[in-house]
Amino acid sequence: MQFEYDEQGGTFLYFLLCFWLAAIVSATCYFFPRKSNKDEAHKSQRQCSCPPCRKKQLQLKAKEPWTKAKQNAIKIVLVLGWLIFFLLAYKCYKMDSDNKEYDPFAELGVDRGASIADIKKAFRRLSLKYHPDRESGDSKKFMLIAKAHAALTDEESRKNWEVYGNPDGPGFIRFGIALPKWIVERENSMWVLAVYGLVFMILLPIVVGIWWYRSIKFSADQVLLDTTHLYLHFFNKTPTMQLKRVIMILASSWEYEKLHNAEIIERPSDNEELPALMRELSNLGESNKERPLCFPYSMKARVLLFAHMARKALPPNTLEIDKQYILKKFPSLINEMVNVVAQLVAGAVHGKCTLMPSLETLEHIMKASQLLTQALQEKSSPLLQLPYITQDMLKYFVCRKRNIRCIRDFILMKDDERRSILRSLTDEEYLDVMEVCASMPYVTLEIKSEVIDDDDSTITAGSIVTVTVTLKRESLGDHYANSITPAEVKENTEENHTEVIEEAENQPQTTDSPQRKPNRVWEKDKKRKKNNKKGAKTKKKLKASAQARGAAAASAAAAAAAAAAASENREDKKVCTIGAATAEKGTAENGKGDAENGSDHEGSDNSDSQEDAKEANGDSNSNAKDDDDDWSKFQAEMKKETILETKSKESHIVHCPYFPLDKQECWWLYIADRKNRMLISAPMYISSLKYEDTVELKFSAPRKPGIYHYSVYLRSDSYLDSDQVHPLKLDVKQAKIIQDHPQWEISDDDDDDDKKEEEASGDSDYSTDNEESESD
């Protein structure tokens, strides 16, 4: 069989068309601009019109022309690609096919049922027109006409055409390579070889090398590995780290240094603007001589971060641009810090590190993320997250009549009282404040701890404990609008509120979102004057009526918490003790059967058969129940895997006017020992909590049996005063002793006896013919 290259380029055109179709379809699906659900949801929400938010929106819109130009360029390139595809398809359609079916009737222009006379008549007419001796003659056309005439008039030729499709008899199939012939011609061989060497031996290794040497510098979260090593060094050196030092180490990240990041711009104006800015700030740690904390790039980033937290105005064309670039990088760096601390804790547990980072270090890292997102200082009030709220206005929130220290307390106020505090704001500004309050997150947690095992889910010493946490997110406005009346709950019910919170914290498994713990009654009484007894009876009456209303709400909340805890305990008991209950039931049945057999040995065969039938039915029912439980567990695991595969990193837009980008709500979930101030499970970074999400935390149970009290922490990376702490109680049982099976008990004496028997027998299953012949 002989292969031939494409002479006319027809087959190569088909190959090019198929290749181009695959490329253009893939490029269209991947690069075609489309509107995301996040942008549509963001536009559907009412935009805050405070000055920082308007400035941020203008900065983001200033980048939109470049984005639109890029999208338009992509669309134009894709349209040109599709035009090329349709042009290739049109050329293939117009191109004559090499495998065109031969039809003699079509060549002569007669019907298939024409007679021989009609065929000869048509041949005479066409031969007069296309004969080569005439002026209008065409030799190729005349040969086709003559071949068709012979095929239809000659009996043998007609038979060959009917059987083989060719008047000359069976033909042969030609195979070709879909490449033009000029590629393998001797004159073009050097050029083809040069292009091949350039693409595959020079350009491809260079591209792969550049990609490889750039990628090995970064971790999976696109953080420089040098920065990760820097964090490992400092957090191992200082296990308990304050918030200020966390920000200093964050500012010393190598992402802010020009040799490691070409996007960093070093300006000559920094020598004049930075010293002036440093004089306005205090306690920057300029005297620290640790490397690289004392390097110029680290000092600049540190000054800009502290200026951002103090909400200082910076020069718009120099330091403001640098500050925005630094802020864009910090979320991934903070998350890398959290991962490094978790790694050091795990290493210290396994004896690979000498010092273990404390829980305060982890909390300070997460708080730094909140403060940098909202541009607040360490001791700032959470109310400053709201628009138009300034430091001077906070004195109206905390006074003799009221004690408003968090956003949740602010929402629970009466509307007229709330409006009187913010009477300096216009109606539009007041509406912005309430819209931001209503959009803040309210998260509830459902916690379940177990050991995922086929036989028993009881938590034993040293086992792997799986804590499944179901998070449900709603806005503060929706929650308080649908569940409680602010006027009834907030008015003079601080004592009952404290009791409800204490009762909820004492529960082993709590599902309510924690409220801020208010000041206690005796703390208020200390501030009052002792001789102030005027109107005591009136105050007692008002307090009694308020306590009556608050007691109803408190008792309802406590009953709900107790019912939820009891239901969870019942579920845990069902899961953990189902094997013991079955064993006790089986023991009772066996004991009953033995007593009956001992008292009545002359029972009929009827009673024995009935008892056997009952036992068989009980076994079949228990087996069916076990199969159903296994199937439900399998379905739950498959559902979790499917959810993990299709989970998108999209939640809710954070109100952060001083952060240069639109930021999504994210959370850290982890388990810690509050008493020993130690991290128990690695923090899980949750970036997809839009309405509901389920997260599994796994850790090793303690080595000693007993009751252990842990805490489940939920911390926001964007908002202050949104953190939650829930108690977790573990009842660790003694680990079961693994019993040796009889087939494992093989002694050396048995092996020696087997060898002696084999030697005594003499005959082996693997003896050869040579051995048999020698023995003969």
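From the backbone N, Cα and C atoms, a Cβ is placed for every residue, glycine too.
According to TrEMBL, the protein has these features:
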TRANSMEM  12-33  transmembrane segment
TRANSMEM  73-90  transmembrane segment
DOMAIN    103-165  domain 'J'
TRANSMEM  191-213  transmembrane segment
REGION    482-547  region 'Disordered'
COMPBIAS  488-500  compositional bias 'Basic and acidic residues'
COMPBIAS  526-543  compositional bias 'Basic residues'
REGION    587-631  region 'Disordered'
COMPBIAS  591-604  compositional bias 'Basic and acidic residues'
REGION    740-776  region 'Disordered'
COMPBIAS  746-776  compositional bias 'Acidic residues'
Beyond the flanks of the transmembrane segment (73-90) by at least 6 residues, Cβ under 8 Å: 13, 16-17, 20-21, 23-24, 27-28, 31-33
DSSP-assigned states of the domain 'J' (103-165) in counts, ordered helix, strand, coil: 45 helix, 0 strand, 18 coil
Local confidence of the domain 'J' (103-165) - pLDDT mean: 77
